[in-house]
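Asker: My questions will all concern the structure given below.
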Ligand code: UT7
């Protein structure tokens, strides 16, 4: 990557709603059991937004914390990007709703849709805009309330998802630190493997779409699993190559938290010991765009990275999409 000025993470925050749904709770809702869920996915519980909480409310809590750790006030913000597939409304965007809640009057604001890869896509977008000098700082958030589009009578999907938000503030950092590379990609041909079919311009909401449960997530789990294992490997190799780094240089690996088996296959490919990998899928399940920042921020809060550490982020999701980044903390 041709670095014009080094951009990196200068603040971070996260939020998950209070209510927890455990595997035991799921057993009461659908025909499933803790043993199946843990052995197939690694998930033990997930956090669920309260009825009055929308995605912007989750994003707001994470944003306030991120601004605090950055030592910045909302009025200083120049750009807000919210990566989400569960916006409060189609429009106004969740980023605009958040801009108002924060009082970030100077900031441009828009949403970005790349499902679980959205946070990495968002950081890549902001990084480009900051490097060229178009803006000096950006708040990038991955936030989703998947519980709002989950069918809690479908055991194939309902055990997998949770709600949350993770936020970072990006700004100029000292030379040698910050983002070294990004690798973003899409395979639109696989879009129908993971989708929410109705409610858009193709199939507007109607009594029929509601009856047919087309406002809920549909997923072909097995096919998405294969895609995930493949691109976690290829994107990781590509983003390391672009950064001029090898797998032995990775100090911390922060993968999308969808399934422990997908994470383990990536760790094997990278020859990484467990202590170099952030895993919190057991506590939060798959939170879509929030998943990578929740893992990154939790690791930072636990003091798992020190200045100069090389961190690799990688995720995949609906679209189909993938996104990876190498950065120096
Ligand atoms: O963020 C990106 C989005 N998604 C993902 O990353 C998901 C990727 N896919 C996966 O993680 C896995 O494919 C799943 C966890 C979704 C499923 O695991 P699997 O090992 O691929 O299971 P399967 O789909 O092959 O299903 C095995 C069996 C089926 O029964 P039969 O047909 O073999 O009799 C399912 O009906 O497990 C059954 N099953 C369940 N049983 C108990 C599916 N869901 C459940 C459940 N509890 N919750």
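Every residue, even glycine, has its Cβ placed from backbone N, Cα and C.
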Asker: State the residue range annotated as region 'ACP-binding' by TrEMBL; the candidates are 247-251, 252-256, 257-261.
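Answerer: Spelled out, TrEMBL records region 'ACP-binding' over residues 257-261, not the other listed ranges.
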Asker: Have a look around residue 286 (active site) and count the other CB atoms within 10 A of its CB, chains all included.
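Answerer: Here the count is 23.
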Asker: Would you count the other CB atoms within 10 A of the CB of residue 116 (active site), including those on all shown protein chains?
Answerer: 32
Asker: List the Cα distance (Å, whole number) between residue 286 (active site) and residue 256 (active site).
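Answerer: Their Cα atoms are separated by 8 Å.
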Asker: Quick one: give me the count of other CB atoms within 10 A of the CB of residue 256 (active site).
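Answerer: Cβ-Cβ neighbours of residue 256 (active site) within 10 Å number 31.
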Asker: How far is it from residue 116 (active site) to residue 256 (active site), counting Cα to Cα, in Å?
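Answerer: Given the Cα positions, residue 116 (active site) is 7 Å from residue 256 (active site).
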Asker: Would you mind splitting the domain 'Beta-ketoacyl-[acyl-carrier-protein] synthase III C-terminal' (240-329) into helix, strand and coil residue counts from DSSP?
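Answerer: Across the domain 'Beta-ketoacyl-[acyl-carrier-protein] synthase III C-terminal' (240-329), DSSP assigns the residues as follows: 38 helix, 22 strand, 30 coil.
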